[in-house]
Amino acid sequence: MNQERVHTASPDFIAQANIKPDDYRRMYRESIENPDAFWTNVAKRLDWYRFPTDIRDVSYRPDDLHVRWYQDGRINASVNCLDRHLAARGDKTAIIWEGDDPSKSERISYRDLHARVCRLANALRNLGVKKGDFVVIYLPMIPEAAVAMLACARIGAPHCVVFGGFSPDSLGTRIADCSPKVIITADEGLRGGRPVALKANVDKALQRPDTHTVETVVVVRHTGNPVNMQSPRDRWYDTLVEGQPAVCEPEVMDAEDPLFILHTSGSTGKPKGVLHTTGGYLVHTSFTHEVIFDLKEDDVYWCTADVGWVTGHSYIVYGPLANGATTVIFEGVPNYPDFSRFWQVVDKHQVTIFYTAPTAIRALMREGEAPVAKTSRASLRLLGSVGEPINPEAWEWYHRVVGEGRCPIVDTWWQTENGGILISAIPGAIPQKPGSATLPFFGVEPAIVDNEGKVLEGVAEGNLVILSSWPGQFRTVYGDPKRYKDYFTTYPGTYFSGDGCRRDADGYYWITGRVDDVINVSGHRMGTAEVESALVAHPRVAEAAVVGFPHDIKGQGIYAYVTLNAGEQPSEELRRELVAWVRKEIGPIATPDHLQWAAAMPKTRSGKIMRRILRKIAENAPEQLGDTTTLADPSVVQTLVNERLVR
Ligand code: 6R9
């Protein structure tokens with residue numbers, strides 16, 4: 001190992017760690033050599049109505065594709081996150097809520113959370129929601145988001161959480177995909193002091209004919225600003241749960257019954273509803289949460305993600321609560337009221353474990369050390385990173401400035417499809433190298449394949465695949481089994497992640513980013529095709545091509561090339577209009593950073609846009625354009641290079 005760049009946890013950290021340096025290799029070997037025994041043992045961490053004996057039933061063969069874990073087990077996720085903690089941890093804080101407004105916070109005990117979940121679960125049953133019915137959740141980062149997810153889990157209604165930053169149209173598409181009877185939303189969200197019109201967005205989404213299945217909209221009173229309430233469809237959350245019993249008989253679920261779907265972006269088409277089931281998902285999220293975050297009974301754990309993303313599902317709600325941990329739900333943003341906010345919240349609630357995204361670290365790094373240094377952060381003992389590759393400079397800053405050299409960093413690689421972490425350091429056991437997600441978690445068999453699918457051994461670079469299954473793996477793409485199959489047919493017999501990856505001489509994995517048409521903007525996954533289809537939906541646009549380009553803070557930015565309809569003239573005003581249009585169509589996270597007019601696109605003779613070329617122009621690397629002789633009209637390229645927006 002190149003010693004300068006390796007960070008090993010301190011002897012003090014290792015002495016108290018759950019997993020010691022010698023444990024990792026032994027446990028990993030056991031998990032691979034005898035997976036059934038290993039995962040039987042791990043499943044004992046949960047409370048089952050019927051403990052499973054059929055541990056794994058998996059085939060990646062396209063003609064017989066199926067992934068099943070613990071299929072004869074019976075379990076309820078909300079019981080595991082709530083009821084089973086009541087005896088020993090009833091008064092322990094389950095959720096610390098920190099509002100966008102720094103003067104607002106709340107602590108909710110396991111007993112109180114259990115009662116709130118039961119009341120809402122009863123109310124949902126009264127509204128006619130039965131086992132197997134979908135419920136859409138479109139909420140800000142308030143305790144009701146976790147309450148709503150767990151209430152659905154209690155009655156066996158799979159939830160579909162939609163990120164509160166999504167537009168009415170993006171919300172409508174997701175509603176149409178799962179046909180819920182009920183939506184749970186709030187009057188407004190609040191971020192950085194600015195209201196977000198959630199209820200008004202729901203109203204707009206419900207004007208679409210394909211969202212007619214919604215019978216009831218449950219509205220949490222959050223900011224208290226007036227909103228339009230349509231009777232009898234719209235019901236206030238507080239009056240609905242008032243008077244409901246604080247106990248609720250849970251639905252006994254099969255391990256393989258759906259727990260939720262969550263939409264994520266692919267390289268083509270509309271977002272995919274990634275489906276997760278109950279038993280395996282909860283085993284995987286709770287186990288990884290305890291091992292990778294070295295969880296102890298007294299920890300105060302804070303993951304800054306939004307519950308609208310998978311990280312929020314697995315590592316704000318299900319993993320931590322299944323473990324009886326104290327989990328922080330933060331409504332705000334890192335720079336409001338100022339750039340010290342994260343660290344003020346750490347001090348206020350004495351956070352011990354802090355898990356965030358590289359984009360936040362880079363944005364804070366740009367503000368210098370002073371906003372960090374004026375806070376104590378003495379409570380912190382472990383840091384985590386997720387969502388995109390973390391560049392070594394940001395890693396070192398996070399380690400040295402935020403953690404004052406005392407806290408190990410776990411760089412956790414995984415995806416919506418994976419349910420939970422697959423590649424990460426275990427802080428007391430695996431030395432860290434800045435920029436590397438390090439080694440596979442127990443039971444996970446990554447491999448690197450070349451473009452022909454040949455498995456590469458030793459030091460290698462190529463496409464990251466996983467050879468076998470793990471309990472938290474997704475079970476299908478809801479309503480679209482063909483797109484599920486696609487994951488297992490690119491490199492037959494393996495799950496293909498869509499990521500590029502390098503493995504070094506120590507066997508460490510270095511994720512290099514997506515190799516498909518998915519881009520990662522501030523840790524948010526987006527299909528370039530989604531942004532393109534928003535652009536071409538504008539009446540003056542003929543064609544659009546969107547690529548990612550390296551961005552200092554966001555990791556990747558959005559670079560759009562637009563060809564206008566014949567007779568239309570480019571103008572600054574139209575450029576601004578198109579940028580605003582995309583924001584409105586998809587949501588602010590999809591706002592293009594650059595929009596370049598393209599009189600024509602570089603196309604192959606068969607009419608395919610050559611994105612490789614557009615990527616190089618957006619990266620300001622015109623000298624790397626490579627072979628352009630297959631283009632129908634090579635002169636197009638020179639114009640695009642001359643007019644490029646990044647230099
Ligand atoms: C959990 C989550 C998945 C994509 C994934 C990869 C990137 C996530 C990463 C990482 C490098 C890490 N990614 N974690 N890349 N290092 N630690 O983010 O899920 O939204 O589905 O995104 O994010 O490119 O393929 P999701």
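Just so you know, glycine gets a Cβ as well, placed from its N, Cα and C.
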According to TrEMBL, which candidate in Arg400, Arg514, Arg540 joins Gly387, Glu388, Pro389, Asp411, Thr412, Trp413, Trp414, Gln415, Thr416, Asp499, Arg525 at the ATP site:
Arg514
Arg191, Gly192, Gly193, Arg194, Thr311, Ser522, Arg583 show up in TrEMBL as binding CoA; which entry in Asn323, Asn335, Asn565 does that record put in the same site?
Asn335
C-alpha spacing of His538 (Mg(2+) binding site) relative to Gly193 (CoA binding site), in angstrom
31
Please report the distance from the Cα of His538 (Mg(2+) binding site) to the Cα of Arg583 (CoA binding site), rounded to the nearest angstrom.
12
Could you tell me which three-state DSSP class Thr412 (ATP binding site) falls into?
strand
Around Ser522 (CoA binding site), which of the listed binding-site residues (Gly387, Trp414, Thr416, Arg514, Val536, Val541) come within 10 Å, judging by Cα atoms?
Gly387
Write out, in the order they occur in the sequence, the residues of the chain not among Val536, His538, Val541 that have a C-beta within 8 Å of the mean position of the C-beta atoms of the recorded Mg(2+) site.
Ala534, Leu535, Ala537, Pro539, Arg540, Ala542, Glu543, Ala544, Val562, Leu578, Trp581
Taking the Cα atoms as reference points, how far is Arg191 (CoA binding site) from Thr412 (ATP binding site) in Å?
26
